[in-house]
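Q: Here you go, one structure.
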């Protein structure tokens, strides 16, 4: 089956930075979130360094390891349990094998030699190489391998093994000991350089270990299954074409598929397979076993790799590791070169997206202006970009009536659907409204915004403060794996305390202020923090509504200080006044003029079924500033409506439409990887601001004392007149929430001219803990001028483990 027909799109990583490890074979790799960690292997000597590759930043680095650093080894066991890695056995020099066990705590890059107890019956595992070492739960399963029958390492007498051991792990660190499980059925035959994976079906829930292939004097392609609960071995029946016999291949589970790549296979001559010595070759064939149906599916046939430079070349002894649904392959040997009669190791790094990405979170609003939105959404791992779309409550004028307007360009994906990135900054066009002054530049799609961080002072006060802009290479680094490197890796020691603001995935867009999560379970992601301490809600509160109990505006009902304010979730995130740089897709045009024409007049609303989704563009990162969108030619509109994942058009051929003030827009976003455009997110609804109202207060800080907390903020940078007063609100528990969990109920806790207030312990005891994403207490602050109250700034104060109060 051709790779293109199978929907495969291998990508070779051509640009990476940092100390690239020398090519090798017999090495092993595991993934900890976005990091690929490689150890061992050999090529002109056995390698003993630990190399790490950041798949997000395309950066290699050498962590400063310490402790009981193991010697270099090859064909060893290598498994990952959370943020600790276990290494067992392998070849430490020619003819000399190991049965030592080492543990690496990747959170500190600390090695420790571990001495497990011997089994109660029998001997511990003998020194070996080419064994399989698989993790499930708190146990590792060791099977087979190759031992040296001779005590003299120079006199290598191979002995193939099929012994089976269980290693029980302690929680966090350390091991209990080896045991020899009593199994039923027939053990797989002795072998080395095979693969083993563990898979648990969702519908049955019984974990199974699968062993495939290997070497025992000749290559094998038999499949064995072990039911881990009953410890029963069996030979499952399979459908489809079984891959050729092989050894030194790789097997990785992604979803319900076991992907088999490469290895040594028999040389085919005249349609027959020869098994004599010297008639073996490396392969680049690629197939998978559907573990639910036990059907083999061939993706790249043997020999096909020779006809294309778009596929990884033949190799054996390489490493393969899954990062999310993406498969990475690095190095390995490509067989014997007849001219020199020696092995040559590959230097290339490849990846393959095995399925379309999942839907991102709902689009979240950071801020709105009269004619733009700054929006974001949660990152989706291992994607190449995001397609953002919108539609308006009002019909969009025809293409012929819209002049093209030029705006500043930011880094986006090529409109031709490739993965190349373009950046062509221009001077910003003039804007008709004053900009909100923020404590950092407005971000573009290729610049990491200043992060918001909570620091813990000596007197236990919490405050939110801006951090310096971080380089793109510091993105998405798991803080538990960050070490104090002074080199060019960009990895720095974390001195973050127990609280850190992170963005929310709930429909209520807000700044989260709260916990630093347990990093064995979650990632604290600098790139995911909001770009400022302000985000907005669409609840515009008028002066009349404050004084009376019945008036309401935009879904908000505001009563007196002891009464409640309810906000409908449908109107949760819009009007604030900050004019940000516009965003457009790079079209390659250089003479795109700036238009000074005002936006066209809005038309009458249209029925829901007539709404058309329009592309805002394709963005590399998970944020965008939206001031325009692309208009499709009329003849393609009806087609596009039916095809949510249609091919991305050539944006250079499309006209652009500016956003209108006071208009509701609905947004959705889909992630893109090598398999195409994934499903769209749930729809979010935001409204552009109405001119004349004050912007939202900014730079909100929260400091905590023994019996209260202090809220402070800065005035809006676009007050549109004199600020007459501020109001602060606290989301509280209410029976209304039980009936409609998406509708928060707020009580006003402050009204006055000061830019700060105290929230008492009594008030906090009545607070609602919002659990739409991470548990948080929600505050809102808004400013009032002569026209009335503008949009509220919403702040989410993360609360840690308070799940009992959720809901």
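Including glycine, each Cβ sits where the backbone N, Cα and C put it.
All annotation found in TrEMBL is predicted automatically rather than curated by experts.
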Q: Give the range, chosen from 370-389, 390-409, 410-429, that TrEMBL lists as region 'Disordered'.
A: 410-429
Q: Write down the single range among 451-476, 477-502, 503-528, 529-554 that appears in TrEMBL as region 'Disordered'.
A: 529-554
Q: Kindly point out the range from 332-356, 557-581, 582-606 that TrEMBL annotates with region 'Disordered'.
A: 582-606
Q: Over the domain 'Fibronectin type-III' (694-790), work out the mean pLDDT and round it to an integer.
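A: Value for the domain 'Fibronectin type-III' (694-790), mean pLDDT as a whole number: 88.
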Q: With DSSP as the reference, give the number of residues of the domain 'Fibronectin type-III' (694-790) in helix, strand and coil.
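A: Computed counts for the domain 'Fibronectin type-III' (694-790) are 10 helix, 52 strand, 35 coil.
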